[in-house]
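S.K.: The structure follows.
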Amino acid sequence: MWSYLAAFSESVPPVGGPYVWAFVGFTSALHCFEQYLELRQLKKNRETKVPLELTGSVDETKFLESQEYQKDKRLFGFVRDWTSFVFDKAQLFLVTPWAWAVASRICGPGAEYSTTLLWFLILQWVEKPINIPFSLYSNFVIEERHGFNKMTMGLFFSDMIKSELLTYVFGGLLVPGLIWIVRYFGDRFYIYLWAACQLLMFAFMWIYPNVIQPMFNKFETLKDESLKKEIEALAAEVNFPLTKLFQIDGSRRSGHSNAYFFGFWKYKRIVLYDTLLHLKQEDILAILCHELGHWKFGHTLVNLIISSVHLFTLFSLFGTVMYSEVSKNMIRQFGYGDTDSVMVSLMVFML
């Protein structure tokens, strides 16, 4: 078996060329710059004196606890980020093109849909030996040390299995759909691809809170009637079209708190994590003021427009180069030979 794999690996085209080294150089410089910023922030996290601007507003004990937590997370982040950096470069040169060659050989010539899905499946499982230990350490060491982790091992792995199954379901539907759009609509595919992504974006704004998140959390109507009246009054004050108030069992996984709203047009819903409910009502209302402020000043809509324009720009540029010699050269240099696969072309272009 090993001799077969070694012989097979020798047939995979080599990785290298100006596009590859430009990508490696740019991402390496960006990574180093980000790590430099993280070092500066670590220095601030090691300070034990409450900043003058916060004196009298922040309890010193809570400040020191926060500093310790942020310091531990940042030190762990250095290990994770450098490991991921090295692993990503190894994937670029050794794993990703090899996985494509394996998927192509298994599925046979002309089987673009099945080859692409198998390729993604291989890559996803190649990353598991890195991602799972880091997630376990983050939850059961860092978060546990500071009293935030509420998750059990059983819940961790059940969440992971659910996430995997959802990835297979949605990936199995969306990836072939994307390939079909590109193939069917020819040179102007980017317009239809962009339109499809816009529809998917709005669809998932409904699917995630209504279908996906209830698989992981229990939604209940907010039980505290007094708090409910206060929130409804706050929403009415800024003309927020609140229709329902929920609380969810975030405490099953973490001691961290959160609140958010979702919904279209005049059918908005507010969700509070149960980890918020021990706070004073005025503190909860202050947190909701932050969320309602995003709505009041149109931040969600502005971000949607920015994302839409950004996506259209990327797809139109991709449409310009996909069928060109430039794209073929990039694909060859990244180790994929003469394939014209839509997803390979798109991935290399995005890199």
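In case you wondered, yes, glycine gets a Cβ from its N, Cα and C as well.
Nobody curates TrEMBL annotations by hand; they come from automatic prediction.
Taken from TrEMBL, the feature domain 'CAAX prenyl protease 1 N-terminal' covers 41-218. Among the features that TrEMBL reports, transmembrane segment is placed at 165-183, 189-208, 301-323. Residues annotated as domain 'Peptidase M48' in TrEMBL: 222-345. Annotation source TrEMBL lists Zn(2+) binding site at His290, His294.
Can you walk me through where each of these features ends up in the structure?
M.R.: Tertiary neighbourhood of the transmembrane segment (165-183): same-chain residues 112-113, 116-117, 120-121, 124, 189, 192-193, 196, 200, 212, 215, 322, 342-343, selected by CB-CB distance under 8 Å and a gap of 6+ residues from either end.
His290 (Zn(2+) binding site): 9 other CB atoms within 10 A of its CB, across all protein chains.
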S.K.: Are there residues at least 6 beyond the ends of the transmembrane segment (189-208) whose Cβ is under 8 Å from a Cβ of it, and what are they?
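M.R.: Result: 174, 177-178, 181-183, 262, 264, 304, 307-308, 311-312, 315-316, 318-319.
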S.K.: Where else in the chain does the transmembrane segment (301-323) make close Cβ contacts, counting only residues six or more beyond its ends and a cut-off under 8 Å?
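M.R.: For the transmembrane segment (301-323), the far contacts come to 182, 187-190, 193-194, 197-198, 201, 345-346, 349-350.
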S.K.: Across the domain 'Peptidase M48' (222-345), what are the DSSP residue counts per state (helix, strand, coil)?
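M.R.: Taking the domain 'Peptidase M48' (222-345) as a whole: 71 helix, 18 strand, 35 coil.
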